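*Asks:* TrEMBL lists B:7-92 with the feature domain 'Fumarylacetoacetase N-terminal'. Among the features that TrEMBL reports, domain 'Fumarylacetoacetase-like C-terminal' is placed at B:99-357. Sequence annotations record features per position, and here TrEMBL assigns Ca(2+) binding site to B:Asp100, B:Glu168, B:Glu170, B:Asp200. Here TrEMBL flags B:Tyr102, B:Arg116, B:Gln207, B:Tyr211, B:Thr311 as substrate binding site. Sequence annotations record features per position, and here TrEMBL assigns active site, proton acceptor to B:His107. Sequence annotations record features per position, and here TrEMBL assigns Mg(2+) binding site to B:Asp200, B:Lys220, B:Thr224.
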There are 2 protein chains.
Amino acid sequence: MSWGVEHLPYGVFSRHEGETPRVGVRYGEHVVDLAGALHDEVFATGSLNAFMARGSAAWRDTRAVLQNKLRTDPGAVEAHLVPLDQVRLHLPFEVADYVDFYCSLEHASNLGRMFRPNEEPLKPNWRHLPVGYHGRAGTVVVSGTPVVRPSGQRGAGVFGPSAKLDIEAELGFVVGAPTTLGERAGRFADHVFGVTLVNDWSARDIQAWEYVPLGPFLGKSFATSVSPWITPLDALSEARVPGVAQDPEPLDYLRRDEPWGLDLTLEIALNGDVVSRPPYRGMYWTPDQMLAHMTVNGASLRTGDLYASGTISGADPDQRGSLIELTWNGTEPLKLPDGSSRSFLEDGDTITITATAPGPNGTLLTLGEVTGTILPAR
Amino acid sequence: MSWGVEHLPYGVFSRHEGETPRVGVRYGEHVVDLAGALHDEVFATGSLNAFMARGSAAWRDTRAVLQNKLRTDPGAVEAHLVPLDQVRLHLPFEVADYVDFYCSLEHASNLGRMFRPNEEPLKPNWRHLPVGYHGRAGTVVVSGTPVVRPSGQRGAGVFGPSAKLDIEAELGFVVGAPTTLGERAGRFADHVFGVTLVNDWSARDIQAWEYVPLGPFLGKSFATSVSPWITPLDALSEARVPGVAQDPEPLDYLRRDEPWGLDLTLEIALNGDVVSRPPYRGMYWTPDQMLAHMTVNGASLRTGDLYASGTISGADPDQRGSLIELTWNGTEPLKLPDGSSRSFLEDGDTITITATAPGPNGTLLTLGEVTGTILPAR
């Protein structure tokens, strides 16, 4: 099953209003209450951060102990199982800094063609480094949180609700083990705790007007949604693949020492209809390269840092990870099965992003979904 | 005096290794230990955040009570005074999100001329909105923290320590009272707790290569220094001035309802020699406008958010707030009194930024300085 002993993603849940949220892992249609099952109060602290700060050896040990219990003595865990439909899921970690990269060659090329039609689609730096920027950590919300359509400037003297509200389907990486200021990060798996699906909601009209020369700001900062479940890296061992070939060869600090490409396939559904299936494995820059780049200048990592891949777009039109690409900036609207069409999101629309990956022993892992519904502008 | 009862800036201090830091206010050459003097444990929590979260009425009351005590019964406070030279000063607040604006017309024009010599110096959006972007909150450090020269890509295939390490003299605004996601901020003084000097260290060669199209990233993220003392807004009542005239007239949501221009004069010293005196009062966009812009899309504020003005540069050459402007990208090196010259920072250089402002009753307030020394690249 998708949520069996080979997966065990981490989340934070509460059983009733007012309870301090607790850390659990999803197991089938239940949540294992870890503070109870493992007799460890680090899981009763309201977020994953304290546990993640313990480092990769502790992550591995905890997973091994729990897998062993579930396999050999499930009865001992039974008292700590809570039915999924009886819990509320919370943002699973306190987000320290949020960085968004731009790692899909197809996505960067598509946006370059649309936003800067008279130039080379890729900027000269793109193949030399994973381009990234900081987003707003305080507006990272858990899947299910409604998204209010943002208002803002859409041109000189033009103000109002965004008319080009969009999505970006991404994969996010959650940092567990920090570094010291002035030092570079070490091995990817020693710092990164796990992965989560990300929808980086984007108001394209606000973004297009504001983003020169300092980058996206209000076009992105109103909300970024993440899955309630963080899949630990160890659950993705069967999904690891080499990254795609890179030309020119990256500088030493960006050299890939281990295969951290990931064979995940995402699925984007708009009001229940699948509109795209972006493949993660074709991304140009891999997550270990993003981590090396982010810290090469001595910038420190904190527990809870989140960095995301940028929109995942494949080479085929039905593999694009944003509406601006799927509809070519609204010029080729999507036809939906109900007869309606979409250039960008309408009020009431629900976007759900899911993903699958090969799991251990021939299983197929389903990552925790990230979903959100658009509310009208205020 | 500069640190009399009319000022009372807030900071966080400890008296010995291992002590949980405590909140104090600077009073002359002493720190008032507020947890003791006011019998309130909110000041024994290691940062200003819990106190700031109480909101502007509590900030005003606390200041009034303390001023009253110091004026009418100084003996009662005496037991809670700690000599400044016996304390270590810490980062005074936990930084939630850090946003950096770009509010000086002179600075934006100067950088436009240097970075994009064949275009209009100001981008079309600049006079319509305060351009800003998110910086790295996790590398905001307290004054006195050494700054390791960052390494990074400085061009295609070029890697090494930054050869254009620079400063940016800025004024920072610390958010105390939060907002709810989806809502705009209210009055400036209901949200902003106080101000601090900021040095937004910048590696110009890294920045120039990386910043298109998503803005500055590693050229800035290695360190941002702030003063240990947060001057409360109420101490700046005599420094308030109308903002400069704006053309075109800003949209409604950016209308200035109260005068929040500030008559501060900064001073930048390089190894003790003053190299510039940037005036804050001439900034094009005022801090109430920055706050309104930052939240107009519904992005929420958190206690501990920091936003900064961007480099403060005046119209005269000796009022420029960065070395790239003072030396015109290194083409006109600064001559220092010791006979040496500088295009950008050398290892061992110390930059200290101070500021003064008119205070109540004809006094002159001196803001807490922000200083840092460059260490060689690792």
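Note: Cβ is positioned from N, Cα and C throughout, glycine not excepted.
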*Asks:* Filter the binding-site residues B:Tyr102, B:Glu170, B:Tyr211, B:Thr224, B:Thr311: retain a residue only if its CB is under 8 A from a CB of chain A. Output in sequence order; output 'none' if empty.
*Replies:* B:Tyr102, B:Tyr211
*Asks:* Just give the helix, strand and coil counts over the domain 'Fumarylacetoacetase N-terminal' (B:7-92), going by DSSP.
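*Replies:* Output for the domain 'Fumarylacetoacetase N-terminal' (B:7-92) reads 37 helix, 21 strand, 28 coil.
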*Asks:* Please work out the number of neighbouring Cβ atoms within 10 Å of the Cβ of B:Tyr211 (substrate binding site), leaving out its own Cβ.
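*Replies:* Around B:Tyr211 (substrate binding site), other Cβ atoms within 10 Å: 23.
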*Asks:* Give the three-state DSSP assignment (helix, strand or coil) for B:Thr224 (Mg(2+) binding site).
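*Replies:* Reduced to three states, the DSSP call for B:Thr224 (Mg(2+) binding site) is strand.
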*Asks:* Around the Mg(2+) site (B:Asp200, B:Lys220, B:Thr224), what further same-chain residues have their C-beta within 8 angstroms of the site's C-beta centre?
*Replies:* B:Asp100, B:Gly135, B:Arg136, B:Glu168, B:Val198, B:Asn199, B:Trp201, B:Ser202, B:Ser221, B:Ala223, B:Ala308
*Asks:* Using B:Thr311 (substrate binding site) as the reference point, find which of the binding-site residues B:Asp100, B:Glu170, B:Asp200, B:Thr224 has the shortest Cα-to-Cα distance to it.
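*Replies:* It is B:Glu170, whose Cα lies nearest.
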*Asks:* Far apart in sequence but close in space: which same-chain residues, 6 or more away, have a Cβ under 8 Å from B:Glu170 (Ca(2+) binding site)?
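*Replies:* Within the chain, B:Glu170 (Ca(2+) binding site) has Cβ neighbours under 8 Å at B:Asp100, B:Leu197, B:Val198, B:Asn199, B:Asp200, B:Ala308, B:Ser309, B:Gly310, B:Thr311, B:Ile312, B:Gly321.
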*Asks:* What does the structure give for the C-alpha distance between B:Glu168 (Ca(2+) binding site) and B:Thr224 (Mg(2+) binding site)? Integer Å is fine.
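*Replies:* The Cα atom of B:Glu168 (Ca(2+) binding site) is 9 Å away from the Cα atom of B:Thr224 (Mg(2+) binding site).
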*Asks:* Please give me the recorded positions out of B:His107, B:Lys220, B:Thr224 that lie within 10 Å of B:Gln207 (substrate binding site), comparing Cα atoms only.
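*Replies:* Checking each Cα against B:Gln207 (substrate binding site), the hits are B:Lys220.
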*Asks:* Quick one: pull the CA-CA distance for B:Arg116 (substrate binding site) versus B:His107 (active site, proton acceptor), whole Å only.
*Replies:* 14
*Asks:* Which has the fewest other CB atoms in a 10 Å radius around its CB: B:Gln207, B:Thr224, B:Thr311, the listed binding-site residues?
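*Replies:* Result for the binding-site residues B:Gln207, B:Thr224, B:Thr311: minimum number of other Cβ atoms within 10 Å at B:Gln207.
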*Asks:* Please compare the recorded positions B:His107, B:Arg116, B:Lys220 by how many other CB atoms fall within 10 Å of each one's CB, and tell me which has the fewest.
*Replies:* B:Arg116
*Asks:* Taking the centroid of the Cβ atoms of B:Asp100, B:Glu168, B:Glu170, B:Asp200 as the Ca(2+) site, which other residues of that chain lie with their Cβ within 8 Å of it, listed in sequence order?
*Replies:* B:Gly135, B:Ala169, B:Val198, B:Asn199, B:Ser202, B:Lys220, B:Thr224, B:Ala308, B:Ser309, B:Gly310, B:Thr311
*Asks:* Three states by DSSP: which one describes B:Tyr102 (substrate binding site)?
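*Replies:* Its secondary structure by DSSP: coil.
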*Asks:* Taking only the Cα atoms, work out how far B:Tyr102 (substrate binding site) lies from B:Lys220 (Mg(2+) binding site), in Å, as a whole number.
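*Replies:* Cα-Cα, rounded: 14 Å.
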*Asks:* What is the Cβ neighbour count of B:Tyr102 (substrate binding site) at a 10 Å cut-off, with all protein chains included?
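*Replies:* That number is 22.
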*Asks:* Taking DSSP as the reference, which of helix, strand or coil describes B:Gln207 (substrate binding site)?
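*Replies:* B:Gln207 (substrate binding site) sits in a helix per DSSP.
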*Asks:* What does DSSP call B:Glu170 (Ca(2+) binding site) in the simple three-state scheme?
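*Replies:* SS state of B:Glu170 (Ca(2+) binding site) = strand.
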